[in-house]
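Asker: Sharing a structure below in structure tokens format, with a few things to ask.
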Amino acid sequence: MESSILESIGVEIIGVMSPVSICMFLVVLLVYSLSSSSSPSSAVSDIRTAANLVYAENPSDTAAQKLEGALLNALVFVILIAIVTFLLLLLYYYNCTSFLKHYTRFSAFFVLGSMGGSIFLSLIQRFSIPVDSVTCFILLFNFTVVGVLSVFGTGIPIIVRQSYMVCLGISVAAWLTKLPEWTTWVLLVALAVYDLVAVLAPGGPLKMLVELASSRNEELPALIYEARPTTVARAGSRGVTAGEPSSAPSSSSSSAIELQAVSRDNKDRNRSQGGRNDEEERSPLVGNGGGEGGIVDEIAERGIKLGLGDFVFYSVLVGRAAMYDLMTVYACYLAIISGLGCTLILLSVCRQALPALPISITLGVLFYFLTRLLMEPFIVGTATNLMMF
């Protein structure tokens, strides 16, 4: 029994950390490949997004001006995200599920087609790949359409769906690495704080979305990465239906890790049959959660899920670190993975949806500045003076 539990823990953790690591690694490669100057960290960003509407950072600005402008940018961006999330909550409350599904599909199509296409064209120009415009358009169109069908279609192999979810994260993260440096760091911290409030606060929009979806026993249309295929345990049924989409609640702009819930009826039935299969298939990371009152009994069995926003902002952090040096990238990567591991441990204890950004982003930002300000000068100084320690 102990070996099976340890085995299942490893599968759960690897199933979440592997795609996150792949996404961060590919974003770092893109940053290095598409960097047009020897010191990209000093370059001025030429993109205008909701994250830098108020203030456009200039290298000649003072540190106080950059900090003030970055704080304003982060405040506006977080307010916009809160407004959109509450709007989505309102639409879902009034059963506009069809509109939300189409909106999510359009978002995926737009990200793959525009941001992914921009990266694709940049790679073609950077490496002088001989591709004509017609072939390029056909390839990009097919990639985008197949991606949308894979993410939202049924009967698609889970590995294809997971691959396209990683591609979506890479596309957005690589685009956001073009933001100014000060805005990027302040924005990451602000998003981690917002994520904590939105998921755990009583009136948080993501918490309200999860509770509303739990009360309806429905799945919210969202870009969510599933670590493994899920099975559905229907209320009042005598068995478990495999291969159907999970009806677990998931937030649309989520950066929350969700638990796999097992209905009490199903758990009691497994125990009455000896519980052997239950020991082999479930891990300590799985438990009852996600609802209040008697809602838990009707929630579907689901695996650990990670919001697309987590992939994006983890990768933005290491992508920004890649603009400094590789030592900082290693430190930030280890900090993010450690924070994700801590979140998984808390997940097994709290047994409810948890925000995945706060711990990882806090550790990542902290390790970035510690490495850049303390470790890097120390390592370089000792190596330059041929000292060993």
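Heads up, the Cβ atoms here are built off N, Cα and C, so glycines get one too.
In case it helps, TrEMBL gives these features for our protein:
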- 12-32: transmembrane segment (TRANSMEM)
- 70-94: transmembrane segment (TRANSMEM)
- 106-125: transmembrane segment (TRANSMEM)
- 131-152: transmembrane segment (TRANSMEM)
- 182-201: transmembrane segment (TRANSMEM)
- 236-293: region 'Disordered' (REGION)
- 245-256: compositional bias 'Low complexity' (COMPBIAS)
- 264-283: compositional bias 'Basic and acidic residues' (COMPBIAS)
- 327-347: transmembrane segment (TRANSMEM)
- 353-370: transmembrane segment (TRANSMEM)
Asker: Taking the transmembrane segment (70-94) as the first stretch and the transmembrane segment (182-201) as the second, find out whether 3 or more Cβ pairs fall under 8 Å, excluding pairs closer than 6 in sequence.
Answerer: yes
Asker: Quick one: do the transmembrane segment (12-32) and the transmembrane segment (353-370) have at least 3 Cβ pairs under 8 Å, skipping pairs fewer than 6 apart in sequence?
Answerer: no
Asker: Under 8 angstroms for C-beta pairs, at least 3 of them, ignoring pairs fewer than 6 apart in sequence. Is the transmembrane segment (182-201) in contact with the transmembrane segment (353-370) by that rule?
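Answerer: These two stretches do touch.
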Asker: What stretch of 106-125, 131-152, 353-370 shows the most Cβ pairs under 8 Å to the transmembrane segment (327-347)?
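Answerer: Looking at each of 106-125, 131-152, 353-370 in turn, the most contacts to the transmembrane segment (327-347) are made by 353-370.
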Asker: In the same chain, who gets a Cβ under 8 Å from the transmembrane segment (131-152) while lying at least 6 residues past its ends?
Answerer: 101, 104-105, 108-109, 112-113, 116-117, 120-121, 124, 160-161, 163-165, 167-168, 223
Asker: Mind checking which residues reach the transmembrane segment (106-125)? Cβ under 8 Å, same chain, six or more beyond either end.
Answerer: 30, 33-34, 131, 136, 139-141, 143-145, 147-148, 151-152, 164, 167-168, 170-172, 174-175, 223
Asker: Determine which residues of the chain contact the transmembrane segment (353-370) at the Cβ level, with the cut-off under 8 Å and only residues 6 or more beyond its ends counted.
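Answerer: Apart from its flanks, the transmembrane segment (353-370) reaches 185, 188-189, 191-193, 195-196, 198-200, 206-207, 210, 249, 251, 255-259, 289-290, 306-307, 309-310, 313-314, 317-318, 320-321, 328, 331-332, 334-340, 342-343, 346-347.
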